[in-house]
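Please read the structure below before turning to the comments.
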Amino acid sequence: MATLIHTLADHSDDVNYCAFSSSCLATCSLDKTVRVYSLKNFAELPYSPLKGHTYAVHCCCFSPSGHALASCSTDGTTVVWDTRDGRMLAALEQPSGSPVRVCRFSPESTYLVSGAADGSVVLWNMQSLKLYRSGNVEDGSLVACAFSPNGNFFVTGSSCGDLTIWDDKMRCLYNEKAHDLGVTCCDISSQSVSDGEHGFRYFQLASCGQDNQIKLWLILCADFLGVELKYKCTLNGHSAPVLACAFSYDGQMLVSGSVDKCVIIYETSTGNTLHTLSQHTRYVTTCAFAPCSPLLATGSMDKTVNIWQFDCKQPCAGNIVENESKVAVEDWSEDDVSAWLCAQDLTDFVGLFKTNNIDGKELLNLTKESLTNELKIESLGLRSKILQKIEELRMKMTRVTVPDEFLCPITRELMKDPVIAADGYSYEKEAMENWISNKRRSSPMTNLPLHSLLLTPNRTLKMAISRWLETQQK
């Protein structure tokens, strides 16, 4: 079930794009601004809106760390912002001066791609903030882009209907006519899949277009085979051009938004429709799943962004604390490791770890050498961050585990002032008050409506926590 939990209505014109980091949501609009919100309470950050573009902003995206945000515009620039204070770090001018329609960071933040209306595509070096390589699609405007999880290639989509695969040296590896009336969006799942026939691992690609269709593809990149793009299936359901599509981080769901004003969520393994959402009053232009929580954002020409919460199978940042307390790290599954990566703000490595079948035992055995030579993580800073987080995990394994019933279900921290809500569950008083003050009238645990907002002190639980703390100090 998908539930509408919040609507953002701060833009004064069409919403063109929205993007999540692990802690924030960014939106951009024809009104020339980019707005940034906290996922804790959907409050706009103090430095928002970001004003630097002189014309409509078409796309925005976070760097893998979440510390940088890129936005691109009709003014021919791609601007890089510091998400910590809203400072403009650079304004990268498309060499042709053509309106820039799409921008994307590579998984390791080494590069930033910008694609323009004249078909030009530029690969920017993010360390120097200088142009690295550039190229052109054969025909049409460049309107869509997605990187592979390992960063070895990226795919662009054009208004003439082509999907083009490029390597990180800007060499064209493959071209396919995908949508007769033009591509509008594309996305690559962070999870690889097996073809079941030859044992190859493929990347899943989704594309959508003006032909009302969403198509799923499989991309194989192998040294001895080159690059192969295989059509998998078409997902139906929309009655008008499809303007946006995006995978959930685990690859199990795909969301799409359309001129028919509907949002459809599909199960990718079967192609079945899980949800159809129809609250927007004009074209749905953008949709995105949050990487570490069961949230979905959809934006529209009706000037609003809707935030949805849904039941899903994917692990999220909140679940990993529970996993740590109940399952030994060496017994973690690949999904547990994926959830841990999200919780450590390392979401963009989920696909790489999944591809290499990294479970709990493998995670604890990772070294600087294996990260460099086997997982091919070139960035020294990212390798160091991963190793530091693994070391923290090893240290946690030696600590005493807090009983799960002493942890607040919202904050996953030891409760100091527990209260009982109408759903029968106990929460930290301040956390539950904040939950209610943000106009949430549903249970954090069951998502069902709360028949009362009364919070009753749980003195028995508070005494039990106090006695437990005393035993830990002896």
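For all residues, glycine too, the Cβ spot is worked out from N, Cα and C.
Here TrEMBL flags 332-396 as domain 'SAM'.
Look at the domain 'U-box' (401-474): DSSP puts its residues at 26 helix, 12 strand, 36 coil. The domain 'U-box' annotation in TrEMBL covers 401-474.
Under the heading repeat 'WD', TrEMBL lists 50-91 (among others). Averaged across the repeat 'WD' (50-91), pLDDT in this predicted model comes to 95.
Sequence-remote contacts of a segment are chain residues at least 6 beyond its ends whose Cβ falls under 8 Å from one of its Cβ atoms, and for the repeat 'WD' (93-134) they are 55, 58-65, 68, 70-78, 80, 140-151, 154, 156, 158, 166, 168-170, 348-349, 351-352, 377-379, 382. If you look up TrEMBL, you'll see 93-134 (among others) marked as repeat 'WD'.
Here the repeat 'WD' (135-167) has long-range neighbours at 101-108, 110, 113, 115-121, 173-190, 192, 203, 205, 207, 209, 217, 219, 221, 227, 229, 348, 350-352, 355, 376, meaning same-chain residues at least 6 beyond its ends whose C-beta is under 8 angstroms from one of its own. Look at TrEMBL and you will find 135-167 (among others) tagged as repeat 'WD'.
Across the repeat 'WD' (235-276), DSSP classifies residues as 0 helix, 22 strand, 20 coil. Taken from TrEMBL, the feature repeat 'WD' covers 235-276 (among others).
Mapped onto DSSP classes, the repeat 'WD' (277-311) shows 0 helix, 19 strand, 16 coil. According to TrEMBL, the repeat 'WD' annotation covers 277-311 (among others).
Sequence-distant contacts of the repeat 'WD' (277-311), counting only residues of its own chain at least 6 positions beyond either end whose CB sits under 8 Å from a CB of the stretch, comprise 1-9, 11-22, 25, 27, 29, 39, 42, 243-249, 253, 255-259, 261-265, 317-318, 339, 342-343, 347, 350, 447. Residue counts for the repeat 'WD' (135-167) under DSSP, helix first, then strand, then coil, are 0 helix, 20 strand, 13 coil. Here the repeat 'WD' (235-276) has Cβ contacts under 8 Å with residues 1-2, 181, 184-191, 193, 204, 206-216, 282-289, 291-292, 296, 298-300, 310, 312-315, 335, 338, 342, 347, 350 of the same chain, all six or more residues outside its ends.
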